[in-house]
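Enquirer: Before we start, here is the structure in question, set down as structure tokens.
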Amino acid sequence: MSETTRHNYDVVVIGAGGAGLRAAIEARQQGRKTAIISKSLFGKAHTVMAEGGAAAALGNVNSSDSWQVHFRDTIRGGKFMNDPRMAELHAKEAPERILELEHWGALFDRTRDGRISQRNFGGHEYPRLAHVGDRTGLELIRTLQQRVVQLQQADAAELGHPEAMLRVFAETTVTELLTDASGRIAGAFGYVRETGEFVVFEAPAVVLATGGIGKSFKVTSNSWEYTGDGHALALRAGATLINMEFVQFHPTGMVWPPSVKGILVTESVRGDGGVLRNSEGERFMFGYVPDVFRNQYAETEEEADGWYADPANHRRPPELLPRDEVARAINNEVKEGRGSPHGGVFLDVSTRMPAEEIMRRLPSMHHQFKELADVDITAGPMEVGPTCHYVMGGVEVDADTGAARVPGLFAAGEVAGGMHGSNRLGGNSLSDLLVFGRRCGIGAARYLDGLAGERPAPAAADVERLAEEVAAPLRRDTGENPYQLHQELQQTMNDLVGIIRRGPEMEQALESLEKLRERVASVRAEGGTAYNPGWHLALDLRNMLAVSEAIARAALTREESRGGHTRDDFPAMSPQWRRTVLAARLAGDRVELERRPLDAMRPDLLALFDREELSKYLTEEELPPAEGADTASKEEK
Amino acid sequence: MTKRTFNVWRGDGGAGALAAYEVEVNEGEVVLDVLHRLQATQAPDLAVRWNCKAGKCGSCSMEINGRPRLACMARMSTFAPDEAVTVTPMRTFPVIRDLVCDVSYNYQKAREIPSFTPPPDAKPGDFRMRQADVQRMQEFRKCIECFLCQNVCHVIRDHEENKESFSGPRFLMRVAELEMHPEDTADRRAIAQDEFGLGYCNITKCCTEVCPENIKITDNALIPLKERVADRKYDPLVWLGSRIGLRKGADTPLPPNTRTTTATPEQ
């Protein structure tokens, strides 16, 4: 088998999407020698798929916006399950992070007075998403990529080589984290996809920024990279995952043709005026406004339509409810026989604004439907349905530093848990990865300060064992095809742990996963070590299985419905369950759950909500005293 | 469902040949779907680079029946019913394996361009830019870096020897973008010509033709950049200034040590 190359870094960042690049930039700015490891080419991360924008209370379009209002919207969207400290840091720091991007060369759409424009989005009270048409994620990735290059140019000038302090290892996969005898992080082990060559990174600090888990589901908006690597690496290194039962199904994915089923249709379509209709032509969302949001959403089409131009005097259209609500509504319309020909519902902008404006506001959506489905969205409606989009759950981290429960391990972006509670608002992921990517970079640098030059050493035997494990599928003469196993895993999760869940089905899912585990253990990859996708998939399967088990187990345990976790057998939200966070850890090779109390919200943050609203979420004993509770919120700005 | 013939280039950097496959094709599929089916059923180790499968990441660039395209946006319904589909890697870059190329040339060129340089005293949040002024650069920033324009450009497609002195349409467009940025203070006009090889471009518009984002690379980026370069070169004040030594340092140089380094730094 191949030889092993060794590298030494201060900080190794796994993942080169928004969170990874922002973390690496920060670690380098803190003077640390940093490696970025990417499964894909530099600049191809899944972040490019983010369309709508990055939420930040800049107040450029509506000056009433503030971090407090953003915080409140985020908590409402997450159904009060969010880590309050993370949501606070996020809302406070997002504006700075956006302005910093502009200073690095990002070109956001502008307001009339030349500032960054902001658009409406589901669950956000004011226009808040800084955006570039409907390709904001691409702008973000390109800007961070170009910032990395800029830092490399500075290092080239000063130190003689562009990669002296910051190097990208493209098309390289990490298969395991390395720890020292006391369990501290000591580095990472992986292989170069192009050659199959093994690599060892010795580093005291590792930042996970690997994104999500969507490839465990059949219908998903996620790319092949989303195999839950970081989640699984963290578990196997001894860290914990929280909130894994909360999986976001984006309400609007393409449903036809079959080959593109699941590809995202941006929420901006609705933010900019698009409406959802069923096969009877009815704007059905008016029938799905839940009690907790009743006061904030319009009851008639007239009122809803008035909101776009005059938000101060109208309530919001129900199409802009948080994603979990809209996804469930669409699911129900289809189930009750009012779906579109290909099993979705209709999303229409063509009757809502002139073709020219559609082309300007939603160019990539126009392009996508024209090219992939032969549908002209300026002339007719799109067909859309729910698609697995985002996992709220992830590595349990300290809000301020991004530190996981394993010394030296950090996590930012989708792979980290807590920030979004049970449901993420659109636009909050791009801001999340900037805010916490940076915080992880600083957190890792401070951790290194604390080590004072000491470098935890990985055990040599571990590296040999890992090389054996990785090479094993190639050496087997028998064993199943990884593509087949992957398909079965996806079908299992889609059918049994999908958007609507039932206890017995999830038990069945866990049994199926158990059987799949044995088959995956003897999977066979044909061919050689150089750029062999079958081999790569065979290795990724193990991660997808671990993550799927964590999701299924947590989903079976949480006996209530909340955000991205809907139980047919427990349809109500439970204030008692709200206080309980499920944390998954590995015991042997099985996932076990621990129960933790959710941190209480500080009184000044609690005061942003009125008592009546809080009483829908909190237990009696958590509620603030009845008097004077809702006056404070009005004063804060 | 129908059966189609796919001729796929298989091999590594050294040698390779077209391999013929009979493969199932369903309604609405694109070439990338069919390549995935080949992997799942007949050729598990077929190397294909891809990510988003939605035309947004620019990973699955290849040549399909001789045309540089994204495999995820090449719909099977656009071929004649009995037409064989021939898929080969991009010709301008070295092949790693099968349909996957070594595109590191592009990352090298990106690193040679002086970065965005805001005014030294500007702070984040200071910029006030009109939509009309950013729109021009926004068109260029739609680029998904699929490198199809680089692949098709005749300056380097069959001329390995030009690669060192020519950055290609994608990166000349990046220079144009930075030059048009209202808040940028660097001046890359001299190096655009002398180091990045703008003069090699004779505006045949092949790059524009293959761009999956429909960016008007030639008309909106390369020609205006050529005009700016000419303005600088023939501006009498610039000429005078350089004669009497007043223009010292006005041209932004190539960032030091970004071109000649090939070895990795000391570990």
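Backbone N, Cα and C atoms are what each Cβ position is placed from, and that goes for glycine too.
Since we're looking at a predicted model, the values are computed, not measured.
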Enquirer: Among A:HIS314, A:HIS389, which is the one TrEMBL gives for the substrate site where A:HIS250, A:THR266, A:ARG424 also bind?
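Expert: Candidate listed by TrEMBL for the same site: A:HIS389.
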Enquirer: Between A:113-133, A:617-637, I'd like to know which one TrEMBL lists as region 'Disordered'.
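Expert: My reading of TrEMBL: the region 'Disordered' range is A:617-637.
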Enquirer: Cβ under 8 Å from chain B: which of the binding-site residues A:SER40, A:LYS44, A:HIS250, A:HIS389 qualify?
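Expert: In terms of proximity to chain B, the binding-site residues that count are A:SER40, A:LYS44, given in sequence order.
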Enquirer: Which number gives the other C-beta atoms within 10 angstroms of the C-beta of A:ARG323 (active site, proton acceptor), all protein chains shown included?
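Expert: I count 25 other Cβ atoms within 10 Å of it.
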Enquirer: Note the Cβ centroid of A:HIS250, A:THR266, A:HIS389, A:ARG424, the recorded substrate site, then list each other residue of that chain whose Cβ lies within 8 Å of it, in sequence.
Expert: A:SER221, A:GLN248, A:PRO251, A:LEU264, A:GLU267, A:ARG323, A:TYR390, A:GLY426
Enquirer: How many Å lie between the Cα of A:HIS250 (substrate binding site) and the Cα of A:VAL48 (FAD binding site)?
Expert: 17
Enquirer: Write down the Cα-Cα distance for A:HIS389 (substrate binding site) and A:GLY15 (FAD binding site), rounded and given in Å.
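Expert: That separation, Cα to Cα, works out to 18 Å.
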Enquirer: Hey, how far is A:SER429 (FAD binding site) from A:HIS389 (substrate binding site), Cα to Cα, in Å?
Expert: 12
Enquirer: Are there any residues in the same chain, six or more apart in sequence, whose C-beta is under 8 angstroms from the C-beta of A:ARG424 (substrate binding site), and if so which?
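Expert: Within the chain, A:ARG424 (substrate binding site) has Cβ neighbours under 8 Å at A:GLY77, A:GLY78, A:GLN248, A:ARG323, A:TYR390, A:MET392.
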Enquirer: Based on DSSP, name the secondary structure state of A:ARG323 (active site, proton acceptor): helix, strand or coil.
Expert: helix
Enquirer: How far is it from A:GLY52 (FAD binding site) to A:THR266 (substrate binding site), counting Cα to Cα, in Å?
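Expert: Cα of A:GLY52 (FAD binding site) to Cα of A:THR266 (substrate binding site) measures 6 Å after rounding.
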